[in-house]
Structures are given as C-alpha cells and as structure tokens.
Amino acid sequence: MLLRTEVTEVSTEVQEALAAQRPVVALESTIIAHGLPRPHNLAVAEELEALVRSVGAVPATIAILDGRIHIGLDKRQLERVAGDDDVRKLGQRDLAPALAAGVSGATTVSATAFLAARAGIRVFATGGLGGVHREWTETQDESADLRVLAQTRIAVVCAGVKSVLDVPATLQRLETLGVGVLGYGTDRFPGFYLTSSGQPVDWTVRTPEEAAEVIRAKEALGGPDSALIVANPVPEAEQLDPALHDRVLGEALDECRERGISGQAVTPFLLDQLMRRTQGASLEANVAAVRGNVRLAARIAAAL
Ligand code: PSU
Ligand code: MN
C-alpha cells in the first residue's frame, strides 16, 4: 500500500531511486533529535546520509514536519529535526495524532519502519532497537518497536538492542513475535555499545549478499509480514569498555528510578546519563555502531 500523497512527501531523489529499483536505505530521526546531543547530532545525521551515498545507495531519512510525512529530507529539513525544540518523539501509534495536529516529530524505529515499508523501502538502518526494559515486571515498559517489527516487512540493520534493556527478555520476545534475527559475522547477539551482549544468535551471515539472500527467501516464502533483524556488532576497537559500561549503567538505572522517569522519556534519559557518566565515550561507541550499520544496510540494499 502506498502512502496517501496528500499527507506524504517523498523526496524526488528517493522517488526516482524507488521507481528505478535502485538501492534505498531508510534512516530514523529519533536518534538525531532525541538520541544524540546537539550540535553533534546534525553532523552525524549528515555524515550518515553521506555514508549511504558513498556506497551507491540513496538515504531516506524519515520525519514528520508540520503534520506531513517526509521520506527523504533536504538540508534545511534535517536541520529542523536536529535543532528545533518542538520536535516530538513519535512512535508508530503517535503518527495519526501528530498528522491531525499538524505538529513536527522525529520517528522512532517503530514509526520509521512502518512508514518506510509502506513507501516500498526494504532496508532500514539504526543504532539499537528498543525492547523490554529491565524493570518490566513493575513498569510493563516494552518498546513499541517490537510489536511493529512483528507486523512490518523490512530488514533492520542495528547493533542489537540498547544495552540499557533486558537483552535476554527482548530476544525471547522477538522469538515469540516471529521476528528473525541474523548475527552479521558473529554468533553472539551484539550489545549496542558493546561488541557482544553475551547472548547467542541462531543464524549467522557473513556478507551483504548472504543477508540479501535471506531477505529474498523470506519474501518468497510469504507468510506474516514481519521484520528481519541483521544484528551488526560495533567493532571491538570501538566498543565502550565493558567494565565501565556495566558500572555506569547501574548508576544510570538507579538515577532513573530515583527521579521517577517513565514512558517515552526513559530511553533518552538513560542514553544521556550514559554519555555524561562516560565523558562522551558511550556517544563515540553509539555513533561508531550506527555508522557501521548504515554502511552495511547500504551494501545489503545494493545486493538486493
Ligand atoms: N538507537 C539509538 N538511539 C536512539 C534510539 C535508538 O542509538 O535514540 C531510539 C529509537 O528511535 C528507538 C527508540 O526506536 O529509541 C526506543 O524508544 P522507546 O524505548 O521509548 O520505545
Ligand atoms: Mn518505552
């Protein structure tokens, strides 16, 4: 199903690439607006788009601006997402109210995957997915990313799920929901800031072509629309020191609890806390992971 054109603006570049079946990679905007600090976030957003182009694919960063869906942003639009104070965080369920109210917002993995798939984009790159939070028994906080990925046919290249989460529980949910997981060059599920979460994955691919082969097989099989996760670890040389990670994460989770942070604010709060408490080292690992994912996603899109 194509998106209704009166609420959707697909950039000319993305439109032409899709029509000519050239490789396109969807990019989310929440990581830009709410996941990375200013002004570094704009530089990263621009760098990611350039990275996709350098591999011969077209970047399609997705966001909502003034109540319209944008697939592929120009420089000015990217600046708005990175710098404006009134850019909300929009999950998939927030799209309808945001469109109706005419507001602007950055799309999370759930909203981006949903919109990208409907625009006909097959590959999406991000940092780390949302998932089951560690305090789930008390808060029932499970990212809407998981439900949407269970219902959306798209390949998502990520460095696993954010390590602030309960990783084993999230992997279990992905299994229950029927979302496939491939380790890229590894039999361990990546740990976002860390090369490995320590959890095993059942399937490993070693090249973009092998990943593309799985995507094609999945499309040929039909069945329920669901996502395929290509879990691409951050290189060991660029990971956050695991001991430092574990220590500051404990502190950040305590602070989150003490301050009573809940709902959509939890993830940005924890990412920010980790950045402060590691003097920016977590930010470098985060950006390194996203870079690797964007590059791989472009190669997979090209191989398709
Ligand atoms: N990955 C990052 N930084 C981020 C996110 C992911 O490296 O900011 C965002 C994504 O948009 C993801 C969202 O969908 O965090 C999950 O938020 P929540 O846990 O509230 O669903
Ligand atoms: Mn949540």
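Cβ atoms are placed via backbone N, Cα and C, with glycine included.
What TrEMBL lists as active site, proton donor is GLU28. Within the same chain, residues at least 6 positions away in sequence whose Cβ sits under 8 Å from that of GLU28 (active site, proton donor) are THR61, ILE62, ALA106, THR107, THR108, VAL109, ALA111, THR112, PHE124, THR126.
Its Cβ placed at the centre, LYS162 (active site, nucleophile) has 26 other Cβ atoms within 10 Å. Residues or ranges marked as active site, nucleophile in TrEMBL: LYS162.
For the recorded site, ASP145 (substrate binding site), the DSSP three-state label reads helix. If you look up TrEMBL, you'll see LYS89, VAL109, SER143, ALA144, ASP145 marked as substrate binding site.
Long-range Cβ proximity for ASP141 (Mn(2+) binding site), meaning a same-chain Cβ under 8 A and a gap of 6 or more residues, is found for VAL132, HIS133, GLU135, SER262, GLY263, VAL266. Feature annotation from TrEMBL assigns Mn(2+) binding site to ASP141.
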Listed binding-site residues adjacent to ligand 1, that is, members of VAL109, ASP141, ASP145 whose C-beta is under 6 A away: VAL109, ASP145
Site with most surrounding Cβ atoms, counting all protein chains shown within 10 Å, from the binding-site residues VAL109, ALA144: VAL109
Cβ-based neighbourhood (8 Å from the centroid) of the substrate site, residues LYS89, VAL109, SER143, ALA144, ASP145 excluded: THR30, GLY91, GLN92, THR108, SER110, ALA111, LEU129, GLY130, VAL148
Helix, strand or coil at LYS162 (active site, nucleophile) [DSSP, three-state]: coil
Filtered binding-site residues, from VAL109, ASP141, SER143, whose Cβ is under 6 Å from an atom of ligand 2: ASP141, SER143
Pairwise CA distance, LYS89 (substrate binding site) versus LYS162 (active site, nucleophile), rounded so that it is a whole Å: 17
